[in-house]
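Sequence annotations record features per position, and here TrEMBL assigns domain 'Manganese/iron superoxide dismutase N-terminal' to 25-105. Under the heading Mn(2+) binding site, TrEMBL lists HIS50, HIS98, ASP186, HIS190. Marked as domain 'Manganese/iron superoxide dismutase C-terminal' by TrEMBL: 117-216.
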Amino acid sequence: MALRSLVSRKTLGLGLKLQFRGLQTFSLPDLPYDYGALEPAISGEIMQLHHQKHHQTYITNYNKSLEQLHHAMEKGDSSAVVKLQSAIKFNGGGHVNHSIFWKNLTPVQEGGGEPPHGNLGWAIDEDFGSLDSLIKKMSTEGAAVQGSGWVWLGLDKESKKLVVETTENQDPLVTKGPLVPLLGVDVWEHAYYLQYKNVRPDYLKNIWKVMNWKYAGEVYDKESS
């Protein structure tokens with residue numbers, strides 16, 4: 001299963017339960033802050049629904065699909081195994097992406113919105129000219145995503161350069177190549193509609209006020225060494 005390599009404990013540091021002969025099922029990770037801690041950039045109501053309902057649904061459906069996969073493999077039902085791949089990718093990707101997203105955010109009083117320093121700050125200046133240029137690029141590309149998806153700042157493991165990419169639906173960034181996600185911004189409507197209605201650019205303008213650049217810098221330092 002290709003997805004298993006995307007969701008290992010080593011790469012995500014998530015709470016996992018092991019079942020189904022080594023296949024990994026998920027449990028909902030706790031947020032490192034209160035639901036209302038990101039206000040006014042993101043309302044507590046949105047954060048609670050996003051975490052408890054949407055993220056939990058991806059986990060529930062992923063675990064259900066794994067159970068169905070286990071039974072299909074036991075029966076040797078290759079048609080069922082193939083049919084389950086899309087559900088596993090979609091729901092597993094939803095869990096992977098959201099687990100990164102929660103860590104990408106932090107309250108203002110805990111450093112949210114503070115610009116990156118050190119190696120990541122220098123790399124941003126080298127690859128994009130400035131932090132403002134990077135934010136503008138990510139916001140523009142995120143606003144242009146048709147339907148649902150994500151906009152990412154990633155590290156290309158081969159070129160050692162920073163890249164901005166978008167993915168559709170719940171596709172993880174690794175589906176675009178040897179890329180390590182540093183920051184991911186959810187541009188599904190469930191991430192902002194209750195507060196920003198259909199004005200996605202306003203959401204993308206304000207989310208940078210609670211962006212956890214310190215976390216992104218730690219991932220960059222680890223993956224670029």
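Using the three backbone atoms N, Cα and C, a Cβ is placed for every residue, glycine included.
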CB contacts for HIS98 (Mn(2+) binding site) [other CB atoms within 10 A, all chains]: 24
Among HIS50, HIS190, the one of these binding-site residues whose Cβ has the fewest neighbouring Cβ atoms within 10 Å: HIS190
Composition by DSSP (helix, strand, coil) of residues within the domain 'Manganese/iron superoxide dismutase N-terminal' (25-105): 61 helix, 3 strand, 17 coil
Helix, strand and coil counts within the domain 'Manganese/iron superoxide dismutase C-terminal' (117-216) (DSSP): 51 helix, 24 strand, 25 coil
Any further residue of that chain within 8 Å (Cβ to the Cβ centroid of HIS50, HIS98, ASP186, HIS190) of the recorded Mn(2+) site: HIS51, HIS54, HIS55, PHE101, TRP188, ALA191
Number of Cβ atoms other than its own within 10 Å, given for ASP186 (Mn(2+) binding site): 24
